[in-house]
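> Take this structure, written in structure tokens, and hold onto it; I'll ask about it next.
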Amino acid sequence: STMRKKKTTDSPPSSTDLSEGKEKLRLKQEVGLISGVSLIAGTMIGSGIFMSPEWVLHHMGSPASSLLIWAACGLLAMFGALSYAELGTIIKESGGEYIYILRIFGSFPAFLFAYTSVILVRPAGLAAVCLSFAEYAVAPFYPGCSSPQVVIKCTAAACILLLAIINCLNVRLATSVMNIFTAAKLLALLVIVVGGLVLLAKGQTQSFQHAFQNTTAGIGAVGVAFYQGLWSYDGWNNLNYVTEELKKPEETLPRAMMIAIPLVTCLYLLVNMSYLAAMTPSELLSSGAVAVTWGDKVLGSWAWLISLSVALSTFGSSNGTFFSGGRVCYIAAREGHMPDILSMAHVRCLTPSPALMFTSAMSLIMIISGSFISIVNFFSFIAWLFYGMTISGLLYLKIKKPELPRSYKVPIIIPIIMLMAAVYLVLAPIIDQPQTEILYIVLFILSGIILYFPLVRFKCHPHFLQRVTLHLQLFLEVASTTTDAN
């Protein structure tokens, strides 16, 4: 059938069928500790740290309170990652939130997550980051004026197509790209950090005098400031999407998180201090692109390096988003919640190429039809809605199923704090400033009900889809991951 319902007794595909002695087709386990750290840090460090600081400051009103928000966002990301690390050692399957919701709450809520994530959330996130990359990549060719939207969108589309080719060819090639670009962006951030420390050593501390003056205390404003900061931290959960491709996942998963997230948090705080050392709060608020303004003030004729660094940073982040996003589509199809063709892997490259191509196509549609602002809008609302559901699943397992084997345990207070934060981040904007767009998002999620019952629950599949699947399988040279590799 075009969609398959996986039996509840199934386990993740193993490299060998012991009963038959035949090697099974599966994705390669090529993501080690360094690649894991690169995947997390490389995805987290995108355009956010170069664009969001002015908006966090705008909503919080003072430099000190904005720095507290950045620190709190890092702590929240760390709490979330530690909670997900325990989930990843209990349920050792790829798919992130999708597979955890499926195994804990069942098929229906998991389908709603997969439907929303595969069609809207993941392609939207990828499109937004690629548009951000395109804006910085083409900016040097249009000095003194804004770049044409057609050129930006074409560049973003080219970026997505290049990432699709890289990720479809080889997992090792994709992880190598992540490692290289993560190193490049860390170097760029270190330049900003060192420049800021030099300025502070010279006594440029005027932004930190009366640092809490004009602080905003409104619930809605703080919630929106968190949204802006957390956009920069998004990606802390990406390693859980590729658990089956990790070398020794029970060790690599928690270790990579404990290295990457504190590293990114410290860098973000130091970079924000560097911005405030180079600019007054009013100058920072009036800046269209904080990092570029910093480069003009501190680096002078070398300011072009910052634009290049942001372009490299966003490209690396796009690769990480693409790498993990395609896996959600692949795992959902493997579980019978998406068309069967999306659960297949290339017979030679051993990559989930159909799922990656589908993610690319959806992202291209969003680039053509939308802008950066419209695509990013309310991304956090959907993300934290499902983060909260996943964390509540962990609490259920800790209370009701403590006997389940796990190599790592997080103190129960951490997921409780995480769940409270998720509830706050979902409800605060609705209560403080209700907007009709949130209603549209909820309606889109609920529209999955119309598809779930006929296609998944009752398996009403048109017969012509089987023929289409067969032709696509031959054309793309892909096979099911339960197929004999020989």
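The count begins at 1 with the first shown residue.
Yeah, the Cβs are placed from backbone N, Cα and C, and that goes for glycine too.
Owing to the predicted nature of the structure, the values given are computational and were not obtained by experimental measurement.
So TrEMBL lists these for the protein:
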REGION    1-21  region 'Disordered'
TRANSMEM  31-52  transmembrane segment
TRANSMEM  64-85  transmembrane segment
TRANSMEM  97-118  transmembrane segment
TRANSMEM  154-174  transmembrane segment
TRANSMEM  180-201  transmembrane segment
TRANSMEM  256-278  transmembrane segment
TRANSMEM  298-317  transmembrane segment
TRANSMEM  355-375  transmembrane segment
TRANSMEM  381-399  transmembrane segment
TRANSMEM  411-431  transmembrane segment
TRANSMEM  437-456  transmembrane segment
> Against which stretches of its own chain does the transmembrane segment (97-118) lie, if we need a Cβ under 8 Å and a gap of at least six residues from its ends?
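The answer is 87, 91, 237, 240, 328-329, 331-332, 335, 337-338, 358-359, 362, 382, 386-387, 389-390, 393-394, 396-397, 444-446, 448-449, 451-452, 456-457.
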> Under 8 angstroms for C-beta pairs, at least 3 of them, ignoring pairs fewer than 6 apart in sequence. Is the transmembrane segment (381-399) in contact with the transmembrane segment (64-85) by that rule?
yes
> Between the transmembrane segment (31-52) and the transmembrane segment (180-201), do 3 or more CB pairs sit under 8 angstroms, pairs being 6 or more residues apart?
yes
> Quick test of the contact rule: Cβ under 8 Å, at least six residues beyond the ends. What residues does that give for the transmembrane segment (64-85)?
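Sequence-distant neighbours of the transmembrane segment (64-85): 40, 44, 53, 56-57, 96, 208, 211-212, 215-216, 222, 225-226, 229-230, 232-233, 236-237, 240, 253-254, 257-258, 261-262, 264-265, 268-269, 272-273, 387, 390-391, 394, 408, 410, 414-415, 417-418, 421.
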> For the transmembrane segment (256-278), find every same-chain residue at least 6 residues outside the stretch whose CB is under 8 Å from a CB in it, and list them.
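Non-local partners: 33, 36-37, 39-41, 44-45, 49, 53, 63, 66-67, 70-71, 74-75, 77-78, 81-82, 84-85, 186, 189-190, 192-193, 195-197, 199-200, 204-205, 207-208, 232-233, 236, 239, 284, 290-291, 293-294, 297-298.
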